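Student: Annotations for this protein, taken from TrEMBL, read as follows:
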type	residues	note
ACT_SITE	D223	active site, charge relay system
ACT_SITE	H263	active site, charge relay system
ACT_SITE	S417	active site, charge relay system
DOMAIN	217-452	domain 'Peptidase S8/S53'
Amino acid sequence: MTDPKDSVLASRAFPWIGSQLIKSGCDSKNPQLGQLGTQLFLLANSTSGVTSTSRTSLSADLHDVVRLLEKACSLSGSWRSQRNDRSTLEMIASRNTLSKEDDERLQFEVDKSLKVFSQTNLAINALTQLIQRCELRQDIPSHSVVLDEGTLRPTPSVLMAGEGYKTSGRVAPVPRTLLDPPRALSKWTPKFWLAQVERINRMLHPLSMRDHDAHPVRIAVFDTGYSLDSSYLDMYTHEEKRLSGHWVDWVENSRTPVDVDGHGTAMTSLLMKMTQKAEIFTVRVIKRRQDLETSQVVVAKAILHAATTLNVDIISLSLGFPNEDEIIRDAISEAIRIKKGNLLFFAAAANDGSNRHEMFPASMESVISVRATNSAGGFVDEFDPPPVDDEGRLYGTLGHDIPGHAVDETKPCSGCSAATPIMAGIAALLLQYVQHRLSDRSASSENIRKQIRTKRGMMQIFKAIAVSRGNQRHYVAPFEFFERDDEIRLAIIRVAIANLRTQVVRK
């Protein structure tokens with residue numbers, strides 16, 4: 001006889017069980033476990049938007065899945081546990097209410113059970129059929145509830161509980177893409193776009209407060225410097241303190257921050273807007289933008305200094321040269337070698353559209369080239385140059401009509417230069433999330449923390465969260481990823497990093 005309670009608990013527990021399956025599959029190098037975990041995530045997504053009436057009709061099917069999982073994973077007693085007279089399924093579904101000791105015991109017991117499995121193919125086939133039936137009868141709106149409301153949910157429980165939208169007391173589907181809902185497009189102005197990033201930062205704040213031992217992500221911005229007279233710093237007085245002691249001047253060796261051009265101030269303020277917990281180092285490599293053509297030696301020295309003395313995780317270069325420069329190329333390669341691959345470079349692709357090819361160093365294989373899109377994710381022709389290498393994915397993010405962050409602060413900012421600190425900021429948010437959420441000392445977590453700091457690892461994450469815009473262009477934004485359930489986010493990251501073992505990642 002079907003137990004409705006078990007079915008409800010199962011739908012809540014599937015993301016976490018799926019995450020454990022994927023983790024176990026990676027640890028034991030067993031693709032069947034990973035496949036079974038992926039199927040559970042698909043099932044969780046398929047049922048997340050089902051109405052209450054349709055969910056009732058799914059009860060029997062979900063109950064059958066529970067039984068299949070018991071057999072496949074050798075879990076005994078209908079998920080019943082002698083501890084506290086609560087079922088294992090119930091404990092998984094309400095992990096946020098468990099004590100740390102009980103949660104660790106639960107993870108150990110489930111992980112041990114998952115590694116001793118049978119009838120896995122039977123479970124995979126049954127789940128596939130169920131997912132297909134769910135997709136046929138689910139009643140998901142054609143537009144996202146969250147986007148129509150015009151806000152991300154800032155509640156810490158969205159991140160902490162692993163139940164996502166369920167904490168709100170209503171059923172809401174995970175958005176299929178950021179760009180689907182026509183009614184929402186009008187709301188995604190650049191100002192609104194950046195406001196949603198601020199909400200993500202607030203959502204991440206409880207994680208950083210919980211993990212006091214973690215080191216903040218460190219980012220270096222190479223540009224014309226920054227000015228303390230910026231209106232951005234006037235609006236956010238705490239940001240001036242945040243920049244204190246993080247100033248390096250390779251032009252005039254000034255002890256105090258200065259920016260006679262204004263471009264560096266604009267780029268620094270954009271990055272500060274994107275990530276509110278990262279340590280940001282402003283590195284002045286040119287006095288004015290027109291000085292760039294003679295700055296190669298300075299830029300190269302600054303790169304090596306940032307990798308060694310500053311020990312940064314990310315370098316943001318809102319600059320570029322028409323031709324490859326050997327000195328800078330060697331400095332980038334040496335910096336990555338010194339950091340054992342754990343250093344991310346972001347560089348502006350170009351600002352002249354099809355009139356010029358991709359700039360250097362964005363054209364380097366070891367550098368992430370950044371193109372500019374509008375706030376709806378459309379690539380802007382003026383800021384979308386043809387790549388040096390015709391193969392591989394091209395990535396872009398917001399870089400058009402950004403208010404209040406231009407050299408002339410009364411005008412909007414546009415260009416690949418503006419998109420570069422924004423994409424670097426997205427990478428920093430992902431690093432911050434992984435660093436705090438996967439802080440344990442397990443081999444799989446340590447591997448993820450290491451790989452995501454490499455270019456290949458971060459590109460795999462971008463590949464997983466980006467929206468295809470056709471013609472090899474992919475739009476990177478953090479919103480859909482952070483709107484998902486916590487366990488689904490972790491699964492996306494685990495699967496993306498696991499794919500590094502089986503795929504040759506193209507630039």
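Glycine residues also receive a Cβ, built from the backbone N, Cα and C atoms like all the rest.
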Student: Between the Cα atoms of D223 (active site, charge relay system) and H263 (active site, charge relay system), find the distance and write it as a whole number of Å.
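Tutor: H263 (active site, charge relay system) has its Cα 7 Å from the Cα of D223 (active site, charge relay system).
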Student: Using the alpha carbons only, what distance in Å do you get between H263 (active site, charge relay system) and S417 (active site, charge relay system) once rounded?
Tutor: 9
Student: Counting other Cβ atoms within 10 Å of each Cβ, which of the active-site residues D223, H263, S417 scores lowest?
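Tutor: Across D223, H263, S417, these active-site residues, the one with fewest Cβ atoms within 10 Å is H263.
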Student: Translate the DSSP assignment of H263 (active site, charge relay system) into the three-state scheme.
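Tutor: Note: H263 (active site, charge relay system) is helical by DSSP.
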